[in-house]
Structure formats: C-alpha cells, structure tokens
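Trainee: There's a structure below that I have some questions on.
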C-alpha cells in the first residue's frame, strides 16, 4: 500500500511539472508575439524581461496549485463496497434462514410464524439468554454467531428472533436491508414485536446519561415503526441482574422450575401507548413483596451465612432499582401532544449466569448517607445459573403475537386486490358465457338468413334461368348469390370465436358463387365485348376499335392490373343499352370487383376477331394513343400546385372559375417537364410507349414511320402546352367591385408591393411559358456541346411568342422599369387620389367640385382608363371595374351633393314661401308674399344663384342638364323637369322684373274693346277709380302693379245699367289684378290679352297690352311653375 501511495505521489509531481512547463511555454509565446508587435525594436529588452517575469510568476502559481492536489482517499469506497457486499449477503442469508425454518415447521401462512427483533447494545452478552429462550443460532459461512456481525438470526419451533445491535458496529444500510427483506416477506405484518434488552448497569448511571440512552433507543424504535407501518409492542428485558449484589443469591436455593419462571410484569393495553406510573409502582412493589414473601423459604433452604445475608438484603437491593428503572421507562415511552407514546408491553428481569463486576446499591446508598465518598466493594460468589429467561418468550411474549396488528395501508391494498381479483375472474367467467351465447346467436341468425336467401335464389333461378346472351338479365340473380356470399364477408362482431364448432355453409356458398361467376358472368362479358368489337370493326372506327381491343385483351389476361378501364366499359355499356337502372349498375360494379379480385378469365379468345381489329387500327397512325400513354405515365402525370406562387393575396383580387382545377399543373406543362420530355426518334419515352402498345403498333416500326410519329407528337405537345396556359389565364376571374369598400380594398391589394397578386400572376405565367432549353454539359474540357434539338427549340420559341403579352409586363427595359410596375404605380396614384374622398369631412362636395372644375386636370382614373387597350385581358377587367366603380362613386357623391343642396337652398324655401300660395296655387286662400316671390325669382335670387353656382356647368350645347364624368362618354344627367322650371323661372323674371331686375313690377295698358248695349258704365276701382268706360271712344289707360308699393291691395269692378248695378265684385290681396284678369281671359298672345267679363246677357270685353315677350296674364303662368323635390 505504501509503495502504491509513493508511486502515485511521484506521478502527480511529474504531471505538475509537465503542465507547468507547457503553461510557461505558452506564456513565452504570447509574450513574444506581443513584444514583436508592440515593443520591437525600441522596447525589445523591456518586453523580453516583462515576459520572463510574468512567465516565472505564473509558472510558480500554476505549479503550486497543481501540487496541492491530493489523492482521493480510497478507504470510503472500500468501506462502501464492503457494506454493499454485506447487505447482499444479509438479504441472501435472510432467504436461506426462512428456507431452513420452513423445513422445521410447516405453516399454512407466513404470518403464522411469529417473528421478533431483539435490540441490544451488545448481543454477545445476551447469547445465553437467547439460547435459554429456546433459540438456535442460524449458522452461515460468511458471517454468523461465531463472528462479530450486528444482525444475527435465531430460530426455534415457536418463532424467529433477529438480534440487532445498537452499538457502533451497526450500519444504517444493514437495518434498511433487513427492513426491506422483512417487508418483502411479510408486507402486512413484518414482525410481531420488539425485545429491548437493557443491561442493569445502565440503570445505575446518572440521570442525564439514562435520559440520553432512552432517547436514542426511542429514535431507533420509531424508525422500525415507520419502516414497517406498525405500532410495535416493546418488551423491556433487564439483563445481567447478577451485577446487583444479593439479587441472584436470593434465588440460589430455589429449584429449577422456580428459576425459569418469568420475573417481571406485563402491562395492560394502553390505547395511546406509554406507561402507566400507578401500574408500574403497583407491579414493582408486587415484585418486591414476592421477594419478601419468599424470604423465609429462601433462608430455610440456605445454610451459608453469606447467602443468608444476601437473601435478607436482596429485596432492598432490588427496591433501589425502582426509581432508575421508572426514569428510563418513562422517558422511553412517554408521548406528546402530537404523537402517542411507544407501545409498552412489560418489563422483565433476567440473568445470563456470567461472571461480571457486582454493584452494592444498598451499601452505596448507606455510605452516601453517612457522608463517605467511597467504600470498599465486597464481591460475592457469583451465581452461575440462568434466571427467568427460559419461559420469557413462551409464557409472556408469544401470548401477544397477534397484538401488533397489521399495516393498514397494505392490508387495505391486499383487500382491494383480492376483491378485484375475485371480481375479475367472476367477470371473466360471465363474459365467456356471454360471448359463447352471443356467438351462438349470431351464427344461428346468419345461417338462418343465408338459408332464407338461398331458397329465394333457387326460386329466382327456376323462374328466370341464366342467359349468356343477355348480361343485364343475369345480374339480379348473380347479385342475390353475392349477397349470400357477402353475409360471410361482413365484419364479424367482437364476440365471435373461431374455436367454436360451426355448421356454416360458408365454403359451399363461396365455391358456388365463384363457379357461377365463371360459368355465367364471364361468358356474358366476353359475348358483350365481342359484339361491340365486331360492330366497330365493321364501322372501321379506329379509336373505338383500339379501346375495345385493349379491353378484350385485358379480359383474357389473368395478371391484369389496370381494371378500371375494363370495369368502366361494362358499366357504361349497360347504361347505354338502357336495359338497367342505377340499381343494376351498382350490382354489376360489385360483381365485377369480385371477378377481377379472383382473376377470373374466359377460356379462349377469338383470334380472328382480334386480327380484324388490328387491321382497322393499323390503317392510320397511333400518335394519339401514344401521346395519351405518355401523358398518363407515372413520370409525367404528377401535378404541381402553383397557388402558392400566386401569393396569399390572390383570392382577394382574383379567383379561379368554379370547378376549375387547372392550378394543379401537370408536370409536362412546366419548363422542367418541357426540358425533360424527349420526343425524338431515339428517345426512351417514345420507345416505352411503343412497347406498351406492341400488339397494335408492331415490334419495330420503320425509320420513316418513327420520324412521322415523333413529329406529330411534338406538334401535339406544343399545341397542348400553349392551350393549357391559355386556358389557365382564361379561367382566372376578376372579383367584382360593387361598392366603395370593395373598391378601397381592391386598390389596397393592388398597391401592395411585396405580395401583389397581379404582379405575381403575370410572373407565374411568364415563368411557366418561358421555356429555355438547357445547354447539355460537355464531358471534356474544350469539347463542343451537343447540338440542340431544332424542333424543340422552335417549340420553345412558339410557346414564348404565344404569351409575349405577359412576358412584356414583367420584362424590364433599359432603365430597369417594368410595365407592370408602371401600372401598379398608377393604381397607387389612383388610391391616393381617391383618398381625399374617403378622408374628406364632406366627400360629396369634394366630388362635385372635382366634376365641375372649370379647368379639369387629368385625373388618375382617366389615365387608368387609357391603359386598358394595351393591357392583357385580366388587367383590362381590373381596370374597367376600378375606373367604372370610381367614376360611379364620384358621380353618385356629386349627385347626392346636388340633391342635398337643392333641397336646403331651393326646394325648402320654395315649399314654405311660394308653392302653397296664390298665384302658384290657384286654389290657395292665401297670397304669396311679393317679397318672397321677388327674393326667389329676381336676378341673383334664390333660384338664379343656385343655377349660376351649381347648375350652369351642367348645360351642354343641346341645352340639356348634363355634367361630364371622369371617363369618356360618361356623365351625370339631371331631371329634365329642372331645366324646364329654370326656363319657366326665366319667363317669370322677364315678365315681372322687366323694369327693375331687383324689384318686381308690371306696367300694362287697358282699354275697353266691346260692351253690351244694356250696360251703361264699367268701372275698375281700387282706393279710387282706376279705369272707367261708357259707350264712347276706346282709349288705352296705363296701369301699373308694383310689389314694393303694395301693402294690402284691394281691387274690384262694377257694371252698371242706367241707375242699377248689374255686377259688383271685389278682390283682395297683393295679386288682385291677377285674380281679376286671369279667370276671365279669353285669349292671349305674348303681349296682348283679351278679357271677357260676362253677367247674364251683359258682357264687357277688355284688351290688355303688356311690355316684353312674356305675358304674366296668360292662364297658369304662375301655377305651371312646379319644382321637383329631387334633381
């Protein structure tokens, strides 16, 4: 060991020196680099010295730190390994001990074997007591009673005893292993109790020592309680009583039976544990009393004076132990508020018969009472007999082996498991019976249904036998047999058992069903196909003949894989013949599935018919068939979804036509597929296609035929490529824009820079229609690349030209500008221009101002409209919708503005001041205020001002109310009645404001034209006579009507005949002249008015002459003026 330590020390020193040297070298290297870079050449010496000094200091520190390392002690690992080894041996010997015990005594349960643990500070001293109790040591080779080991096993016929040392030789791992072994052996009741041995010498120690000892033992016992989940009963055994003077001598003359009796007391059961002090005093005094009661007997049996003296002193010696024992037991078993005390069961005194130092307790007490510090201890002759141990287990401890109870948690778990186990087997048994019953019922019902269906099938066959020539008539009966067969193919219920005996007819039904398919359906299918093939051969329909011949060969091929076409043929034929409904078609599909699943084929093909069909097919080329084969091949039939390339905003602006799935682009119609597809004469693709149709095309077509086939395939492919992408663009629809919100959203999408749907659409179309041939790689440097296929190069050019309009949109010019970017820029300008309408507080007024501006600047909307002619169809649709919706929006806003201002500025004043009053309403009882009429009709009045500011710009050359829109040939037309009323208002203004544009007045002349002979005088008077006529000269009389001078005018006329009055009428109000004249007008011109006043036979005719071209006395001159509420 010393040599090993020395070698390790040398190795450590060597390792420290090497690491230090390495660190110093690294320090020199770093210092050298820094010196060269920063100190050379002026401060080279300083740099070298500094590097040397730093290296020495750091090297010393490194060596010191490394040299401080020490070897980790190996002792702890060795001890740990030894402990682990002993733990394994302990567990192993525990099992062997149980095996030995089982051979001694057969028990119905492991719990019938009482097991106890004996706790002792030194189990070696208690060996004789253990053997006296009837135990034998369990002998082992590795450790046992013959060596010092802290846990030993003792066996007897009545129980097992395990001695556990509480001394320093004990290790917690040993106790843990023991507890685990016991719990594993007896989970619910690991042991029956604890025997705690206490050397009587311990009771003679000081109170503090005794208390400390009790607490230590209590902790150990509580650990066992927790480990086993039990409240273990504890039996206190006071050993080595021979160490107390006179005690054992007291029993020296007793017979062996008396000495083997138990000397101690068993406590009553305490509910909360602990020890009862009254009971202890009573029992201990009873033991003292027993000694005193037997003293005379003991003296009589003993002649030795020393023994006789000891017998007399023994009760007193024993009594002096009472206080110490009480202190020990009380401390050990006391409880507290939170925890009950330990389960104390009794205390017992024993003597092992060994010779040990004696203690005279009585003499010590007397000596202390006399004031002496020490005394001469008298040693008595030791007693060699074992006292009070033989019957301790059998008469005291084992009687209470059931007292410990069980671990309730594990007991409940066991009961739960037992209940679950019982219920499981009962449930399993019931389930088995139920499954057997259900399986029997299921099979019985299925067989009954099968028998019933089979009887109906037989009846159907008898009524309508099979006919090979008519396949449709055979289907119902065959399907009936299929239903019987399908009964046995239905998923079986979970309770069916394959091991159950069965009398099923499943195998017979299956054999009969397949036999009927082979005998009836297969010939019917062959006959149907041969008939059709013969018809189309005679018609020399190459395409149909080719399809039927292919189906005919598939029908005779048992290894066919493509059965879809063949299946569709028979279904379609049945539907076209009109001999079956949808039910028969569905039944035929089921029957065909079974035919093809069983690989059933006809017996012999019609070779003559096949030859005729091949002749028809070979009359023309088979390019179409080969082309379809190539398109449907796995290599080129895959599709690529281009929707991701169209961007996430695509659906906000555009959409595909309903039921259109062309966005799943076949691989052949992509640039990669174009480059990959080789349709030249020597291409593998063409050879594979010809091989697939070898029976029709022949094994080796001529070179000329191959060239023709290759050329035709290339033309077909080029046309399909162009048509596919044209169709793709055609099926893209622009979402409609029907309101301002959709217009705003559309422009927002179109002005998005990073994810613009229109730009991405054109980019995608341009990408997939820009097919460029890949230049083949050369194997050797300097070698000329192989010449490209001229036909393929021309096809690529034609495809590019077909979509040049899209390519132009995404191709940048010399300045790096793309047409699509310019278009999107105009959309941005339009969005900005429209923003002022969305953001304005009064968008209606802004729209009106935009339309009525005297000098109209070019707006973004009209510029967008000008772009339509040069754009692809998709852009045209977008531009048309945006410009139209914008134009409609602006015009509708302007129209709304005109309506609102018309109502507030014109129509409301008209309604409140004019419309309901005379003369504008001839039936009105009230007159219109002349001031209101003047304010409304005068120059710059209400109506004229509205016309000048709002409506004048709507006047066109045709003098119709019309305002041009943002786009050509668009505009806002107003109600024609508005223009008519404007003209009518102009007539009223010319009639009433002729003299003064701001004041309403009327100058006219009046004269009598005719007057009846019976009338002598006609007078028109106001406040005074204004006009008088008597038969005589007819002269003109000037009259005037001035609105400003009229307050409350009154006017009337009178017709006289001699002294009598024929008529006398009076008219009130500002419009009295009009009330007088208008109802009596006979005829009018622009300046002349004829009035006839009739009363009976009397009549007066007047003539009125007005100025200007507008005569206000024309009937309905004012009432004809009626403004519309909305324009």
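The count begins at 1 with the first shown residue.
Using the three backbone atoms N, Cα and C, a Cβ is placed for every residue, glycine included.
Dumping what TrEMBL says about this protein:
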{"type": "TRANSMEM", "residues": "17-39", "note": "transmembrane segment"}
{"type": "TRANSMEM", "residues": "45-66", "note": "transmembrane segment"}
{"type": "DOMAIN", "residues": "174-422", "note": "domain 'Type VI secretion system component TssM1 N-terminal'"}
{"type": "TRANSMEM", "residues": "413-436", "note": "transmembrane segment"}
{"type": "DOMAIN", "residues": "494-769", "note": "domain 'IcmF-related'"}
{"type": "DOMAIN", "residues": "896-993", "note": "domain 'Type VI secretion system component TssM1 helical'"}
{"type": "DOMAIN", "residues": "1004-1107", "note": "domain 'Type VI secretion system IcmF C-terminal'"}
Trainee: On the 0 to 100 pLDDT scale, where does the domain 'IcmF-related' (494-769) sit on average?
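Mentor: Residues in the domain 'IcmF-related' (494-769) carry a mean pLDDT of 82 in this prediction.
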Trainee: Report, as numbers and ranges, which residues of the same chain sit near the transmembrane segment (17-39): CB under 8 Å and 6 or more residues beyond its ends.
Mentor: 46-48, 50-51, 54-56, 58-59, 62-63, 66
Trainee: Going by DSSP assignments with H, G and I as helix and E and B as strand, what are the residue counts for the domain 'Type VI secretion system IcmF C-terminal' (1004-1107)?
Mentor: 12 helix, 63 strand, 29 coil
Trainee: Within the domain 'Type VI secretion system component TssM1 helical' (896-993), count helix residues (DSSP H, G, I), strand residues (E, B) and coil residues, in that order.
Mentor: 58 helix, 10 strand, 30 coil
